[in-house]
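Notes follow once the structure below has been shown.
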Amino acid sequence: MATPHSGDRAGDSPPVAGDRDHPANYGRLCVKGSSLHETTGSDVHTLYPRVLGRQVSWDRALDEVAGAIRAAMENHGPESVAFYLSGQLLTEDYYVANKLAKGFIGTPHVDTNSRLCMSSAVAAHKRAFGEDVVPGCYEDLELADLLVLTGSNTAWNHPVLYQRMKAADRPGRRVVVIDPRRTATAELADLHLALKPGTDTLLFNGLLVWLADTGALDHDYIGQHCNGFDEALDAARRSAFAPQKVAEACDLPEQDVVTFYRWFADTARTVTAFSQGVNQSSAGTDKGNAIINCHLATGRIGRSGAGPFSLTGQPNAMGGREVGGLANTLAAHMEYDTPGARERIGEFWNTDRIPHAPGHKAVDLFDAVHRGEIKVLWVMGTNPAVSLPDSDHIREAMKHCPVVIVSDCIAQTDTTELADILLPAEGWGEKDGTVTNSERCISRQRRFLPAAGNARADWRILADVGQRLGHDDAFRWSNAAEVFREHARLSALDNDGARQFDLSALADLTDEEYEQLAPVQWPVNGEHPHGRARLFTDGGFSTGDGRARFVPVQPRMPQTRPEHPGEVIINTGRIRDQWHTMTRTARSPRLVQHRSEPFIELHPDDVAQLGLEAGGLARLTGRDDKGSFLGRVRAEPGQRPGEAFVPIHWSRQFSLAALASSLIAPVTDPVSGQPESKYGVVSVRPVHAAWHGRLIRPRSAPGGWQADYWTRVPQAHCDAWWLAGCKPVAWQRQVTRWLGGAPDLVLEDSASGLYRAARLQDGRLQGVLLVARHADELPDISWLSSLFDGRTLNGQERRGLLSARDVDVADTGPLVCSCFGIGELQIEAAIRDGARDVETLGRQLKCGTNCGSCVPELRECLAVATAEPAEAAP
Ligand SMILES: Nc1nc2c(c(=O)[nH]1)N[C@H]1C(S)=C(S)[C@@H](COP(=O)(O)OP(=O)(O)OC[C@H]3O[C@@H](n4cnc5c(=O)[nH]c(N)nc54)[C@H](O)[C@@H]3O)O[C@H]1N2
Ligand SMILES: Nc1nc2c(c(=O)[nH]1)N[C@H]1C(S)=C(S)[C@@H](COP(=O)(O)OP(=O)(O)OC[C@H]3O[C@@H](n4cnc5c(=O)[nH]c(N)nc54)[C@H](O)[C@@H]3O)O[C@H]1N2
Ligand SMILES: [Mo]
């Protein structure tokens, strides 16, 4: 047995740096990227396989997995086994999972979290192009003279790309942002269309009509390369009319709609980038096609600076699509209904078990689990207990499933808690393989850390199970390179141009060449041995006749609407410094600072009308009392009235009740099966707290305290909890339980509701509790947290404990730039000293000069400071 890592590897690891030669980022990293080393500590890693909570050897765990699968296949048929995979696996992992499930177990029930992410874009691509292909490349986002960003908060979610878009700013380049919220991305916009949620199809149908009526169509391109234009235009005419009607329906100023349409009509080099605001909708596929229709109609596709561009999210969402990780595809861009594909793949894999028809898509898959049809569920690299809609139902489904296998690199998650068999997977830095990004660019991910504990690569775990199921030959690979070569060979199988996804020129890479593989954009074949940046410039679509298809689409709105007092629409999405369910990013003290708590953003008028208080707590409840989200109220003028925004990140590990997905109904797009995660109806109620607190304890300290609200905010050397309670607490009687022993220092002012206490043992800090009547009266705890590093406190440190700050060092205020740790007070001071723009702040403090995602906040600091007459420059 290998020995586990001792100590905190994060501390030993070198800081992370970007690769200047990589064509996607040219060395730039976002703050999550540059903090990666802080997320790799072995204290949170899965280290050993566990069966029913007990640590076991790999042999035993793999026997259990293979035994459970074999028993389910024998007793209930192969369809009783299901896999739920993830865009965070590497392509090699994904390939082996798909081969094992579809090829050798014979179950079609293999789906992935990409269903929640990209499946509408995939379906729209297939309908229009005959294949799931992103036609353009990142450079197009720079070259475009008109950049339309719809349903995408690029500044926060693709910050490196956003920096490229920003750097490409030049006179005459215009940016339109289409998003119901005014996001950080809207900073870059010449025009922000804060449309009514769900009305994108209408807006783009209106655009198609405008293009036709103003003579902006490219009749040559339509005639030579497309089918179905008239039907699409008819459908658009039926649904969208003059800009005035479009404006009314989308709840936009008519002038803005006209401006957008004019700009689009007049600008040959136009890119429309779309992401989850489009995909995560019950009409997401139609929205995607409404966008693509406008690009086909103007011939703006596959040309430099022009094209529809689906922005993917996860590191390897695209790789998963390539191997066939989605339930409705087979493998290597071959579909269940591609003539001869089943037989061809069966022959290639040397198996006769390939299912005949597609399996369940994610939401249906978990319904099947809930109904008891699935006996063995293997979840790999995803956290469905948090990320799937109606999360309470998902949890129940997993609890009832006879055997749940979970492969993860993090031990304690909402999903690993439900595992019967928990398998330790290698995580980032430990893994070896490839990923594909939004522009079809395949990159090597290379191992540079030893695996923590006994963790193994996902593909190897799968291959070992395949061998245990009796398929020695099919699963005998000695390294990731061998898996990749097989995957590349399959992509080339009887391809001869039928599928753009073709890696034939990579099928014979030596191990050494694979090791050195430079980033390359597929197709990589005889014709394009070094890959290809743009596709479809001259047609050549994967539709059989080589022509793209216009898809006639009619707007379809979400079915529910707020009807009762106190009800609002909710929209769920991401924040700048957290990744999904926080299993890794919450480990970085730097990253938890930007937004430490789950929050509810509402327009200031709504805050007042709903009887809420900015900075206070509120609870959201779904229809039929489904779900519950408890978070801090933020008054945000960029929110549309009647609509709330909540982050998707907090799980049961980090907050009492803040699962955004518990509020989302399992409504899906009929074509793609993607859930409508951007829309729900909830009621809002204030939560009146009698006190707010901060509790800081060593990481391993047991709980024992109770509060009506808590959020865990991990710090470098300890855990901190943000707390609140609805009833007053007699602290002098309770404090011992909260601090794990009697306090040594106490400060109490019952008249103002202030209570502070600290406990030490042998001079080392064991706990601090800070209580106030209002949350904004609580001090910043970063200095206190730093004292938990095991040191014996000196006199000065003890004296600072109850005021929560080092008496000698200046307070830098709330963190603004996570990359360089620059606080608001430092920025304000620099502005007072004469800094008048972001560049000067960057030169002086470095803030905003790495990932740049705090630049909107820096601008806000500048605007606020320079707006104050007393501060204004003479
Ligand atoms: N910091 C950070 N970055 C990430 C991630 C992360 O977790 N954290 N996750 C990655 C992943 S997997 C993904 S998929 C991407 C997602 O990247 P994005 O799609 O940019 O992310 P979201 O914040 O989910 O949603 C984008 C926007 O859609 C808007 N929207 C909601 N409804 C509508 C609508 O009806 N129409 C339009 N036009 N817009 C609407 C929302 O207000 C929101 O601002 O981000 C990736 N990058
Ligand atoms: N309401 C709402 N719900 C949403 C969304 C939304 O906007 N709103 N967005 C959706 C989207 S776009 C996405 S992509 C999903 C994301 O949702 P999830 O996929 O559930 O979220 P993650 O936190 O990324 O989960 C990844 C898990 O894999 C583990 N992991 C990381 N690397 C590896 C590895 O190499 N091997 C293994 N075995 N495990 C690994 C991590 O520790 C973590 O537990 O959420 C979706 N759900
Ligand atoms: Mo995603």
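The chain as shown is numbered from 1 upward.
Just so you know, glycine gets a Cβ as well, placed from its N, Cα and C.
Curation does not apply to TrEMBL; its annotations are automatic.
The annotation compositional bias 'Basic and acidic residues' is assigned in TrEMBL to 1-11.
For 1-24, the entry in TrEMBL reads region 'Disordered'.
Sequence annotations record features per position, and here TrEMBL assigns domain '4Fe-4S Mo/W bis-MGD-type' to 16-39. Within its own chain, the domain '4Fe-4S Mo/W bis-MGD-type' (16-39) has Cβ neighbours under 8 Å at 10, 138, 159-160, 163, 428-429, 437, 439, 441, 443, 519, 576-577, 579, 584-585, 587-591, 818-819, 850-851, 853, counting only residues six or more beyond its boundaries.
In the predicted model, residues of the domain 'Molybdopterin oxidoreductase' (55-467) average a pLDDT of 96. According to TrEMBL, the feature domain 'Molybdopterin oxidoreductase' maps to 55-467.
Summarising the annotation, TrEMBL assigns domain 'Molybdopterin dinucleotide-binding' to 569-679.
Marked as domain 'BFD-like [2Fe-2S]-binding' by TrEMBL: 815-863.
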Per-state residue totals over the domain '4Fe-4S Mo/W bis-MGD-type' (16-39) - DSSP helix, strand, coil: 8 helix, 0 strand, 16 coil
Residues of the domain 'Molybdopterin dinucleotide-binding' (569-679) by DSSP state, where helix covers H, G and I: 16 helix, 31 strand, 64 coil
Three-state composition of the domain 'BFD-like [2Fe-2S]-binding' (815-863), taking helix and strand from DSSP: 26 helix, 5 strand, 18 coil
